[in-house]
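For reference, TrEMBL has these:
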SIGNAL    1-18  signal peptide
TRANSMEM  60-82  transmembrane segment
DOMAIN    68-270  domain 'Cytochrome b561'
TRANSMEM  102-123  transmembrane segment
TRANSMEM  135-158  transmembrane segment
TRANSMEM  170-195  transmembrane segment
TRANSMEM  207-229  transmembrane segment
TRANSMEM  249-269  transmembrane segment
Amino acid sequence: LSLSLSLSLSLSLSLSLSLSLSPSPSLSLSLSLSLSLSLSRSLSLSHSLSLSLSLSLSRLVFPGLVGMSQAVGVAIVVVTGVWLGHHHGGFAWDGSAHQFNVHPLCMVLGMVVLYGDAVLLYRVFPRESKRNLKILHGSIHLLALLVSIIGLVAVFNFHRVSGIPDLYSLHSWCGVLTVTLFLVQWLMGLGFFLFPGASSWLREWYLPLHAFFGLFLLAVSIATCLTGITEKLLFSIMETYSLRAPEGLLANSLALLLLLFGGLVGFIVTREEFRRPPQPEEEALSVHFTSLTPSSP
C-alpha cells in the first residue's frame, strides 16, 4: 500500500510538472496519457505484488493453524479423559457417577471437536469436489450428533437413578437448546445442499445463514461446556477450588483449551485468504446444476 501511494504521488507530481512546462497542448496531452498509463501499470504491479505476498504468507501460515487446531482438539479430549478418569473414577454405564462422566466426554468430543473439524473441512480440502465434501461434512456432523446424544442419555439416566431433577440449571438449558439447534442446522443442511429439490437461488440465499449459524453454534457449544465445567467443579471441590486444587487447575486448563480451539476454528473459516476457491464443477449430490455460490465455505 505504501509503495502504491509513493508511486502514485511521484507520478502525479511528474505529470503536473510536465504539463506546466510543456509549450504545446498536444505534447501536454501526450505526456499526460503516457504518465497515466505508467501510473496505472505501477499501481497494477504493486497490487499484484501485494496479493502475491499475501497468498504466499497464507500458504505458510494456514497449515500451521490447521495443525494447531487439531493438536488442541486432541488435547481437549485427552485432558477431559484425564480429569474424569483420574479425579472422578473413570467411566461406566451403570447409573452411577461413573456414567455421568460419559456425559462431559461425549459432549466435548461431539459438540466441540468433531463439530469444529466438520466446519473446517471446506478450508482444509479446497481442491476436493463439492459433492464429496458435502457428504463428509454431513457425515461428521451426524457422528457429532450421535456422540452428543449418547452424552445426553448418560446424564439423564444418571439423574433418574440418583433422583436428581432434570433441566433446572442454566447449563442444562443451554445444552438442550444447543443440541436441538444443532439437529435443526443439520436437517436444514441436508434439505438445502445434499438432496435435490431446492433451487440454486434458494441455496445461495440460505448459504450465508448456514455458515453464520455454524459458527454461532460452535461458540454456544463452547460456552455451554464452560458452564458445565464450572458447575461440575462447584459440586465437586467447592471447599478447595479457591485454594487452587489440582482438579480445579486441570479443569480450568481444559476451559482455556476449548476457547483456543474455538478461536482457531473461527479465525481459519473467516479469513478471506483461506476461503475455498471456486471450482469448475459445483454440483448437488444427486442432480447436476451450475452453482451460483462461488464464495461457498
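Positions of Cβ are set from backbone N, Cα and C atoms, glycine also.
Worth saying up front: this structure is predicted, and the values here are computed from it rather than measured.
The highest tally of CB pairs under 8 A with the transmembrane segment (249-269), across 60-82, 102-123, 170-195, 207-229, is held by 60-82. A Cβ distance under 8 Å defines the sequence-distant neighbours of the transmembrane segment (207-229), meaning residues of its chain 6+ beyond its ends; these are 104, 107-108, 111-112, 115-116, 119, 170-171, 174-175, 177-178, 181-182, 185, 188-189, 192-193, 251, 254-255, 258-259, 261-262, 265-266, 269-270, 293, 296-297. Per-residue confidence over the domain 'Cytochrome b561' (68-270) averages 95 (mean pLDDT, predicted model).
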